[in-house]
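Taking it in order: structure first as structure tokens, then the write-up.
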Amino acid sequence: MSLLVARDVDVVRDGTVILDGVSLEIQRGEVLALVGPNGAGKSTLLGVLSGDARPTRGAIELDGRPIGDYRPLELARHRAVLTQENAVSFPFRAIEVIQMGRSPWNRTSRIDEDSRAVTDAVEATDVSHLLGRRYTSLSGGEKARVSLARVLAQRTQLLFLDEPTAALDLRHQEDVMLTARALAAEDRAVVVVLHDLSLAGAYADRIALLSGGRLVASGTPHEVLDAEVIGGVYGLAVRVIVQDGVPMVLPVRDSLPR
Amino acid sequence: MALSIVLGAVLVVGVGASSMVGQLPVSPSEVIGSLLRAMGIANGWAPDDPIVESTLWVVRFPRIVMGLMVGAALAVAGAVMQAIFGNPLAEPGVVGVSSGAALGAAIAIAFSITALGNWSVAVLAFAGSLLATFIVYFVSRSGGRTEVVTLLLTGIAINAFAGAGLAFVLFMGSSSSREQIVFWQLGSLNGARWSEALLVAVVCVLGAAVAAAFGRRYDLLALGERNARHLGVNVEGLRMASILLVALLTGIGVAFVGIISFVGLVVPHIIRMAIGPAHRPLIIASAFGGGALLVVADLLTRVLIAGADLPIGMLTSLVGGPFFFFLLFRQRRRSGGWA
């Protein structure tokens, strides 16, 4: 059974159609990349799938139950979300922020996993040298990694990552995607919004391509990363190169002056 | 640890000095003796003079208890407010909650509203602070955070409106109620009675306990509203409960001792610098710190000018105003603007 099912989801805000008939299934053990141009509705879809917002029409079921039926705490034990907005109001230390990811498991038997979960998350995100620092004094990329560690420490079956690589350098981008793969290998499901199509092509099991609020294409990287489809959606001529068996998308830059 | 010792020392010295100093000086041994006797331990230190005994038990002790409890209530209200606004500059006095309470109380005094018996002033003060908290909260927040500018501007608007209301009430009231309102607005612990002090104590202790119980959720709220929800916090419920809590703690303080500003700003801020921002210890330490601060401030109001009992609200604002400016200045420098 699919972990998360979205059926015919419409979202209309202030009379504007933001999502239009999107249907999607997310399986355990897979990394699903959500891609699309700016304003395609990726973040809205992520918000609806993660239970933050209710769709105007359509149904979303998590583990066979409508997502709206979950209480906040229950939902927090099923899914974790890394948002793009990761400011912290008070000068907590990085370690305290990461430990906050364990709070949904307070007073449950899984509280025993606490230190293990935090250690693993710290290792996966390479933030062990930041733990004693004030979160508010960290750089953008460091904040992003500490926040990712917090989300990983939550240890849920389903993870939503909204542009987790946006503020990161090359190596940490790869680290994040490798972490997503490792989670999938543990039979968890990861939904990740990405702008870098080559990153999606290399690490996702499936790619869902959104444009203008509609799901334009969905399938394996080789199926979705088609020069014609991508070119049409982004309004830009692209070339798809396969290297090491992985499709990579590059803009056509023939006319660039040299 | 160091903080507990400092707070404990300030509390003991403040309470002790407050018991001894006044028109009728009482020696430390007489204070201790009287307290021991009240606990049923006969001793030779206890004062024989009934005037000393009644000075302590009718005048000074209720005043001290009132100071401790109001200070604790205001400091806890400040810490809670900062938590739900996600802004260290939120304070009941600055954003107008205290003036809302003041308006409610002034209405009760000027129009001799006694429908609710002796507690009419307290109930109306609570209603006023509740209304003001709701307005500030819903006007000044966006996306789970409050920008300093919006917060302060909302505070200005509410203070102005409540000020106009107060002026109207003063205008309409009799000259005796006018005088009562003016003095009460300046804030004073003078004339605190046991019945009032105990009511404030009950509200304060319960309120602080609830706030401390919410502590971990406030920590999560620091991550932003959405992230807190992702971690299982019922943000709407927490927000509503916290607003009621702030209104209750502020309203009860203002109702009996008048407007005492900046306690809710200064105390949590200093505690945060000493032990970090985690809310449960912050709230508990703020309660003790606020109590200590107000007892010491009250002592100062009595000794700074011999024979005069200065308004305590004036004193806290005198110190708190520059402190607030300092915080604002620092935050501006750090964020490069008035964001």
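One-based numbering along the chain as shown.
Each Cβ is built from the backbone N, Cα and C atoms, and glycine gets one as well.
Curation plays no part in TrEMBL annotations; they are all automatic predictions.
Features of the protein shown, as given by TrEMBL:
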- B:64-86: transmembrane segment (TRANSMEM)
- B:93-113: transmembrane segment (TRANSMEM)
- B:119-139: transmembrane segment (TRANSMEM)
- B:151-174: transmembrane segment (TRANSMEM)
- B:282-305: transmembrane segment (TRANSMEM)
- B:311-329: transmembrane segment (TRANSMEM)
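In this chain, the transmembrane segment (B:311-329) does not touch the transmembrane segment (B:151-174); fewer than three CB pairs sit within less than 8 A of each other, excluding pairs fewer than 6 residues apart. Against the transmembrane segment (B:311-329), the recorded stretches B:64-86, B:93-113, B:119-139, B:282-305 differ in Cβ pairs under 8 Å, and the greatest number is found for B:282-305.
Contact count against the transmembrane segment (B:64-86) (Cβ pairs under 8 Å) is highest for B:282-305, out of B:93-113, B:119-139, B:282-305.
If you look at the transmembrane segment (B:93-113), the same-chain residues 6 or more away from its ends with a CB under 8 A from one of its CBs are 77, 81, 120-133, 135-136, 140, 151-152, 154-155, 157-159, 162-163, 165-166, 169-170, 172-174, 177-178, 180-181, 184-185, 246-247, 250-251, 254-255, 258-262, 264-265, 317, 320, 324.
Beyond its flanks by at least six residues, the transmembrane segment (B:282-305) meets 3-4, 7-8, 10-11, 14-15, 17-18, 21-22, 63-64, 67-76, 78-80, 188-189, 204, 208, 211-212, 215, 260, 263-264, 266-268, 270-272, 274-276, 311-312, 315-316 of its own chain at Cβ-Cβ distances under 8 Å.
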